Amino acid sequence: MARGDAPRDSYHLVGISFFILGLGTLLPWNFFITAIPYFQARLAGAGNSTARILSTNHTGPEDAFNFNNWVTLLSQLPLLLFTLLNSFLYQCVPETVRILGSLLAILLLFALTAALVKVDMSPGPFFSITMASVCFINSFSAVLQGSLFGQLGTMPSTYSTLFLSGQGLAGIFAALAMLLSMASGVDAETSALGYFITPCVGILMSIVCYLSLPHLKFARYYLANKSSQAQAQELETKAELLQSDENGIPSSPQKVALTLDLDLEKEPESEPDEPQKPGKPSVFTVFQKIWLTALCLVLVFTVTLSVFPAITAMVTSSTSPGKWSQFFNPICCFLLFNIMDWLGRSLTSYFLWPDEDSRLLPLLVCLRFLFVPLFMLCHVPQRSRLPILFPQDAYFITFMLLFAVSNGYLVSLTMCLAPRQVLPHEREVAGALMTFFLALGLSCGASLSFLFKALL
């Protein structure tokens with residue numbers, strides 16, 4: 001595909017569209033976990049009285065439903081499932097149906113979540129409806145992201161960067177929306193309703209952006225040239241892009257420029273190598289080359305999802321009740337995590353250390369397991385076994401800074417190193433494997449969160 005023949009992206013409309021699509025894909029997950037106090041208060045029997053739901057640093061008196069854990073697990077299991085089913089779906093369901101259908105389904109399910117703010121119901125049915133919504137929303141999100149990654153694989157890598165930038169802002173956007181809801185001064189029920197309507201508006205904008213792409217000459221040029229190799233490229237691009245997405249954690253746009261080696265400028269070179277295509281690389285051979293890097297990726301996400309947000313969302317301020325104690329968790333847990341994780345991912349734009357041959361990488365990854373007891377020993381009032389050894393707010397903030405930066409950097413580093421450990425024709429298989437291990441790490445972490453919470 002000759003890049004010189006491509007039309008210009010007038011007013012950067014295609015870039016803006018993919019940025020908004022990136023933002024829309026991760027808004028649901030981020031808005032659910034950031035609103036944990038709201039859900040836990042409803043499940044604790046607060047009914048429809050939201051007067052103290054969004055205005056206090058309250059995580060539920062007992063959290064008998066283990067909402068933190070279940071919302072994390074039921075968000076990540078669909079990712080693992082659809083990672084395995086993606087190749088089947090891509091062959092059987094047209095791309096437009098996958099993308100537009102997923103967006104509409106997410107919109108309707110989130111509208112249901114917003115409507116429930118006004119509905120008074122007992123905790124049991126509310127929990128069941130919410131968990132079903134979480135599961136279905138994240139199933140559709142997994143299909144949506146995989147399909148959009150396929151489209152991005154046919155376009156210049158700049159648009160992958162813009163897409164990831166949008167996804168990277170989703171967590172920050174959700175945290176800011178929560179803070180604005182709490183500080184708005186309106187009654188709490190209206191505040192909660194406005195909070196949950198916000199992602200609906202984001203999804204609507206995503207639908208408009210997707211529908212506008214066929215009407216933009218620049219998008220038509222690249223998407224019309226989608227060849228039979230697009231599905232293979234989709235898997236490879238997806239693995240490199242997914243370094244940030246499925247757990248709602250932001251990504252560095254600079255990092256993508258490093259990892260997306262298959263730019264469109266290099267695509268023409270792959271076509272003359274068509275005779276090599278019958279020699280499909282062995283999955284086992286590729287796994288032997290990247291197994292340590294893949295294991296590191298699994299362990300990084302296992303540690304992160306085992307305590308975030310299941311444990312970290314339960315940490316409260318040790319100061320006397322006031323404005324700071326109300327805003328402590330949204331700021332120090334969610335906003336701080338998303339910002340520092342993004343900065344951690346950005347570091348790989350400037351250096352990649354340790355390299356793929358170093359044994360220091362597994363050591364650094366294993367050291368992150370120390371964060372599990374550190375967070376468990378912070379100021380979590382709802383506990384029956386472990387003592388509180390780090391009651392001051394400064395401890396939690398320091399741990400969160402290091403936790404978030406290390407997560408962002410090590411995830412970005414492992415996803416960057418994996419393609420360098422295999423031959424060019426093996427990258428498709430390596431990409432599919434890394435995508436699977438990413439989803440596996442998220443699911444393992446979400447499952448372990450039940451154990452760690454029980455040990456508190």
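Using N, Cα and C of the backbone, Cβ positions are placed for all residues, glycine too.
What Swiss-Prot records for N48 (among others) is N-linked glycosylation site.
Here Swiss-Prot flags N57 (among others) as N-linked glycosylation site.
The N-linked glycosylation site annotation in Swiss-Prot covers N225 (among others).
If you look up Swiss-Prot, you'll see S252 marked as phosphoserine.
Annotation source Swiss-Prot lists transmembrane segment at 13-33 (among others), citing sequence analysis.
Annotated transmembrane segment per Swiss-Prot: 70-90 (among others), in sequence order, evidence recorded as sequence analysis.
The feature transmembrane segment is assigned by Swiss-Prot to 99-119 (among others).
Positions annotated as transmembrane segment by Swiss-Prot: 124-144 (among others).
The annotation transmembrane segment is assigned in Swiss-Prot to 162-182 (among others) on the grounds of sequence analysis.
Sequence-distant contacts of the transmembrane segment (193-213) (same chain, at least 6 residues past either end, Cβ-Cβ under 8 Å): 13-14, 16-18, 20-21, 23-25, 27-28, 31, 35, 38, 54, 99-100, 103-104, 106-107, 110-111, 113-114, 117-118, 174, 177-178, 181, 184, 186, 219-220, 223. Among the features that Swiss-Prot reports, transmembrane segment is placed at 193-213 (among others), with the record citing sequence analysis.
Taken from Swiss-Prot, the feature transmembrane segment covers 291-311 (among others). Outside the transmembrane segment (291-311), and at least 6 residues removed from its termini, the chain residues within Cβ reach (under 8 Å) are 33, 36, 68-69, 72, 76, 247, 249, 333-334, 337, 356, 361-362, 365-366, 368-369, 371-372, 375-376, 380, 403, 407, 410-411, 414-415, 417-418, 421, 433-434, 437-438, 440-442, 444-446, 448-450, 452-453, 456.
Long-range Cβ contacts of the transmembrane segment (324-344) within its own chain (Cβ-Cβ under 8 Å, at least 6 residues beyond either end) map to 33-34, 37, 55-57, 59, 168, 171-172, 174-176, 178-179, 182-183, 249-252, 308-309, 312-313, 315-317, 393, 396-397, 400-401, 403-410, 412. The annotation transmembrane segment is assigned in Swiss-Prot to 324-344 (among others).
Annotation source Swiss-Prot lists transmembrane segment at 360-380 (among others).
Feature annotation from Swiss-Prot assigns transmembrane segment to 386-406 (among others). Packing against the transmembrane segment (386-406) from elsewhere in the chain are residues 304, 308, 312, 315, 317-319, 328, 332-333, 336-341, 343-344, 347, 364, 368, 371, 374-380, 455-456: each is 6 or more residues past its ends and has a CB under 8 Å from a CB in it.
Residues 66, 68-69, 72-73, 75-77, 79-80, 83-84, 235-236, 238-239, 242-243, 246-247, 283, 286-287, 290, 293-295, 297-307, 310-311, 372, 376, 415, 418 of the same chain sit 6 or more residues outside the transmembrane segment (432-452) yet have a Cβ under 8 Å from a Cβ within it. The feature transmembrane segment is assigned by Swiss-Prot to 432-452 (among others).
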Long-range CB partners for the transmembrane segment (70-90) (under 8 A, at least six residues beyond its ends), listed in sequence order, are 29, 32-33, 36, 39, 98, 130-131, 134-135, 138-139, 141-143, 146-147, 150, 231, 234-235, 246-247, 305, 309-310, 435-436, 439-440, 442-443, 445-447, 449-450
